[in-house]
Amino acid sequence: MVLETISRIIKIQLPAYLKKLPLPETIGGFARLTVSDWLRLLPLLGILALLGYLTIRPFLPKKKKQKDSLINLEIQKENPKVVNEIDIEDLNRTNVCYCRCWRSKTFPVCDKSHIKHNELTGDNVGPLILKKKIL
């Protein structure tokens, strides 16, 4: 029963549908088609567009997976845990910025590498700012 239905669609209904389509013989003939003609062509054009997309999809560039899944990519990788200890009383300046994005070339001091990191990843990380309170 199912195979008979599929056979009928392929052998009878599909050829009848294709014969009724208003396909012009020249490219210029497409400009003379009416709105109702375009509406009758729409299902066929949709199927052809879908088949074309499915055909070229394997050749389209893949979306890049975010390689920044690790936070610390290169700083002190030989240590199981990176810890930097800074004595606050030794602060010479009134403001000191420390890196929290792990991209700074002057780690642990921030060199504003987080700006590029935020643009690439959509992250919103910023530095840790220590201010010396002057009494």
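Cβ coordinates are placed from backbone N, Cα and C, and glycine is handled just like the others.
The topological domain 'Lumenal' annotation in Swiss-Prot covers 1-37 and is backed by sequence analysis. Under the heading transmembrane segment, Swiss-Prot lists 38-60, citing sequence analysis as support. Residues or ranges marked as topological domain 'Cytoplasmic' by Swiss-Prot on the basis of sequence analysis: 61-135. The [2Fe-2S] cluster binding site feature in Swiss-Prot is assigned to Cys99, Cys101, Cys110, His114; the stated evidence is similarity to another entry.
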Beyond the flanks of the topological domain 'Lumenal' (1-37) by 6 or more, those residues with Cβ under 8 Å of it: 44
Nonlocal residues around His114 ([2Fe-2S] cluster binding site), in sequence order (Cβ under 8 Å, 6 or more apart): Cys99, Arg100, Cys101, Arg103, Ser104, Val125, Gly126, Pro127
Structural state census, the topological domain 'Lumenal' (1-37) (DSSP three-state): 28 helix, 0 strand, 9 coil
Surrounding CB atoms that lie within 10 Å of the CB of Cys110 ([2Fe-2S] cluster binding site), all protein chains: 20
Count of other CB atoms lying within 10 Å of the CB belonging to Cys101 ([2Fe-2S] cluster binding site): 22
